[in-house]
Ligand code: GBH
């Protein structure tokens, strides 16, 4: 592995999780969410698993925060559950939920861990979905109100705040591809959700600024769309994928506009008056979070816009079937910095891999994850050497957890979790990172 001294002194090393994936949503008076609903319908989630118990982090958080401290990590990226704070999405506050996040944040500070909060990581309260959810423009106001209530309680101790995790997943994956909750497959709904989620982000940024809160950013799941060959049709297809996956969101944030080709093909589905929202969508952010896992090899296809298909690549793959391709991270960071973000600090807010890890004699040998992390840390160093203002790196994930539609089988953790006994076993990668980060 690398050494801490290979990176700038102020570079931040962390691990990441999300509320629904670890907390145990059945505990503590949280309201129902779209993931509870989605998991109930056969065919949506592997073995119909849900986040009711997950890693029982709701009760075991002190042990989990100890693991973060003991790994010599500087920061922890976690998320809060909207329905834990507001069971119906609006109105009545669940005090137990606020108390929980209050204790959790204090627990981080007591251990010298910087809290990086994500306000929304995918579990919309069901009552709001009944009102149209992300397809209803009112969601922007609902979200900002929730953000104010939560931050009114813990905002004084948060180190960095991200509004929404992965706007592409919230909109396209969940409302066009139907692979995530609420499982809608409709282009019009999806395009509206793309705008509304961008607007919700901007509306929350402004609400938090008005409270005096700084260091606010957004987290996007970017992909590196690699053209299958260099023919003009393929190149155009890769560009369309780039527009839909990456550029729609970053041009909204940094240029207050959406890509021209996107507007030409599907812009008619945007909510009426969307142009008037662009100043809010493009509210200044203090940093941008990049979640990076793999590349996508793209070719042209028949059918409606974006008319692309993915081609399987030749490189070694993780348990998710994703190619291990650290170069894509470097390409993406360079592009982002040069074309969009300039001096705005970037964080790698998620990077990691799933592996079918098992405990043997009390240990987990995940050598493949160690070399995965090594290669991606190396690309991060190259980006910094190249002038990209990259300020930190968060491994996904601290713990094995609920991998959404794929249930509990895909293991992303630095720490193994036995979902029968809830026993935590740090993997070899955890120990490798811990010694790399020792001071
Ligand atoms: C991130 O999503 C998420 O922020 C995090 O919660 C998640 O655990 C992590 O990555 C690892 O996946 O096979 O049809 O169910 C990255 C984007 C979107 C990639 C969902 C995997 C699965 C699609 N992810 N996708 S499907």
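Each residue, glycine too, has its Cβ placed from N, Cα and C.
Here's what TrEMBL has on this protein:
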BINDING   21, 121, 165, 293, 396, 403, 404  substrate binding site
ACT_SITE  166  active site, proton donor
ACT_SITE  350  active site, nucleophile
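Residues 21, 121, 165, 293, 396, 403, 404 are the ones the record ties to substrate, and the longest Cα gap between any two of them is 18 Å. Taking the mean position of the Cβ atoms of 21, 121, 165, 293, 396, 403, 404 as the substrate site, the remaining same-chain residues with a Cβ inside 8 Å of that point are 18, 122, 166, 350, 397, 401, 412. Under 8 Å, Cβ to Cβ, and six or more positions away along its own chain, residue 396 (substrate binding site) finds 15, 16, 291, 350, 351, 352, 412. Comparing residue 403 (substrate binding site) with residue 166 (active site, proton donor), their Cα atoms are 15 Å apart once rounded.
Listed in sequence order, 18, 19, 20, 21, 79, 165 are the same-chain residues at least 6 apart in sequence whose CB falls under 8 Å from the CB of residue 121 (substrate binding site).
In the three-state DSSP scheme, residue 165 (substrate binding site) is classed as strand.
In the three-state DSSP scheme, residue 404 (substrate binding site) is classed as helix. Taking the Cβ of residue 403 (substrate binding site) as centre and 10 Å as the limit, one finds 20 other Cβ atoms among all the protein chains shown. Residue 404 (substrate binding site) sits 14 Å from residue 166 (active site, proton donor), counting Cα to Cα.
Here the Cβ of residue 165 (substrate binding site) has 24 other Cβ atoms within 10 Å, regardless of which shown protein chain they belong to.
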